[in-house]
Amino acid sequence: GMVLQEPTGAPSLSTAAGGVTDATAEVQLSRLRWVVLLLFSSYSLCNAFQWIQYGSINNVFGHFYDVSTFAIDWLSMSYMIIYIPLLFPVAWLLDKRGLRLIALAGSGLNAMGAWVKLGSLKPHLFPVTVLGQVICALAQVFILGMPSRIASVWFGSHEVSTACSIAVFGNQLGIAAGFLVPPVLIPNVEDVEKLAYHISIMFFMTAGVASALFILVIIVFKEKPPNPPSQAQASIQSRPTADYSYMKSILCLLRNANFLLLMVTYGLNVGCFYALSTLLNRMVTHHYPGEEVNAGRIGLTIILSGMVGALISGIWLDKTKTYKQTTLVVYIMSLVGMIVYTFTLSLGHLWVVFVTAGSLGFFMTGYLPLGFEFAAELTYPESEGTSSGLLNVSAQIFGIAFTIGQGQIMDRFGTKAGNLLLCSFLFLGTIITAFIKADLRRQQASLENEQT
């Protein structure tokens with residue numbers, strides 16, 4: 001890209017007017033970008049851990065609070081329900097007030113929710129744990145749509161997809177920890193007082209980590225780098241604020257046919273993942289009684305293999321820019337993985353479940369950053385926070401529907417019937433993905449700027 005050369009001692013365009021005033025302003029990468037990315041990934045991890053920490057040992061928490069398994073499922077679904085109405089105000093806030101305020105709100109609410117849960121260490125205090133989970137669900141609204149925005153504001157065009165993958169990584173690693181840690185820390189014992197002691201250890205650890213991360217965000221997290229990292233970002237930053245209308249941006253996105261198709265397909269895929277994660281403990285312990293710890297390890301396997309898939313897909317996109325083809329291949333493999341998992345779950349061999357769940361996770365979880373980055377390409381120059389937010393709303397709506405629907409089907413007809421429901425919707429999503437056109441607007445803008 002073109003770099004503006006300025007006389008020695010003259011203030012740069014990016015500082016003289018309190019912001020970039022020209023799309024040809026100096027493009028430069030900041031060393032702080034990796035610190036910002038790591039910090040975001042860390043508090044996103046902590047929030048995701050709090051999402052699944054109840055569901056991964058559903059039966060144990062159900063016994064402790066003396067509530068149904070469906071009531072514990074609702075603790076996970078609260079994240080999905082709260083996200084839907086609050087997305088638009090938070091996305092508006094992100095565009096008006098920027099990254100730093102959103103980061104402070106997300107990490108602060110996450111810490112607050114963790115401390116509230118510490119007040120729910122008695123069986124009759126289930127409403128207090130619900131309140132703590134609702135506060136953590138509020139925090140998630142300030143976290144979930146951030147990866148593509150952080151990637152585009154802080155990272156160059158050659159590393160933006162990889163950065164987005166790493167940002168999504170944190171959330172996935174948190175879910176992995178949420179599957180692994182609770183079954184290890186909280187054994188399935190009858191004695192309620194012993195259970196309260198083990199639960200308190202997990203809640204204290206979570207609150208300590210969440211508080212430390214909030215303090216680090218206050219100290220370290222910056223709004224944006226001194227100079228734009230890419231010509232595409234310089235062009236956006238040079239646009240006068242008066243030219244931007246939030247409602248106009250949303251309407252523009254909702255008129256974009258390719259983005260609407262992606263919204264549906266993203267919602268179907270990630271909604272299936274949410275349902276699978278929430279109900280995994282029930283599925284595994286139904287076929288393998290007493291295997292709560294291995295149910296957690298299977299969840300961990302799904303997430304870890306998915307993180308590898310996400311990283312590989314991010315690097316692949318940065319190298320090839322084949323967004324449509326990669327998305328379609330990953331979607332087809334998610335469907336194949338789900339079908340294989342469905343028909344091998346009941347074979348009676350846990351090692352088979354580990355293998356099939358791992359291969360399913362590689363593609364299904366690896367799809368998450370793909371969707372964000374494909375959306376950013378299809379909708380440029382609209383805000384990545386808004387496009388990511390709409391994708392997440394779609395995922396939450398389908399996630400709630402699939403979790404309730406699959407849970408009810410499992411109770412009445414068994415786990416295979418419940419999983420076949422997810423297979424049918426993944427098949428539908430694969431068909432719709434084939435109709436999305438690869439209208440890569442962000443790539444086109446970068447090429448035009450370079451030619452200019």
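Each residue's number is its place along the chain shown, starting with 1.
Each residue, glycine too, has its Cβ placed from N, Cα and C.
Listed in TrEMBL for this protein:
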DOMAIN    36-441  domain 'Major facilitator superfamily (MFS) profile'
TRANSMEM  34-54  transmembrane segment
TRANSMEM  74-94  transmembrane segment
TRANSMEM  101-118  transmembrane segment
TRANSMEM  124-145  transmembrane segment
TRANSMEM  166-185  transmembrane segment
TRANSMEM  197-221  transmembrane segment
TRANSMEM  257-276  transmembrane segment
TRANSMEM  296-316  transmembrane segment
TRANSMEM  328-344  transmembrane segment
TRANSMEM  350-368  transmembrane segment
TRANSMEM  389-405  transmembrane segment
TRANSMEM  417-436  transmembrane segment
Whether the transmembrane segment (296-316) meets the transmembrane segment (350-368): three or more C-beta pairs under 8 angstroms: yes
Long-range Cβ neighbours of the transmembrane segment (257-276) (under 8 Å; 6 or more residues past either end): 76, 80, 302, 331, 334, 338, 364-365, 367-368, 371, 374-375, 378-379, 387, 390-391, 394-399, 401-403, 405-406, 422, 425-426, 428-429, 432-433, 435-437, 439
Arithmetic mean of per-residue pLDDT over the domain 'Major facilitator superfamily (MFS) profile' (36-441): 86
Beyond the flanks of the transmembrane segment (389-405) by 6 or more, those residues with Cβ under 8 Å of it: 73, 76-77, 79-81, 83-84, 87-88, 90-91, 144-145, 250, 253, 259, 262-264, 266-268, 270-275, 278-279, 371-372, 375, 421-422, 425
Contact call for the transmembrane segment (124-145) against the transmembrane segment (417-436), three or more Cβ pairs under 8 Å: no
Contacting positions for the transmembrane segment (34-54) when only residues 6+ beyond its ends and CB under 8 Å are counted: 61, 72, 75-76, 79, 103, 106-107, 110, 113-114, 117, 133, 136-137, 139-140, 143, 146-147, 150, 154-155, 163, 166-167, 169-175, 177-179, 181-182, 202, 206, 209-210, 213-214, 216-217, 220-222, 277-278, 299
Positions whose Cβ lies under 8 angstroms from the transmembrane segment (417-436), at least six residues beyond its ends: 258, 261-262, 264-265, 268-269, 271-272, 275-276, 279, 283, 324, 327-328, 331-332, 334-335, 338-339, 341-342, 345, 374, 378, 398, 402, 405-407, 409-410
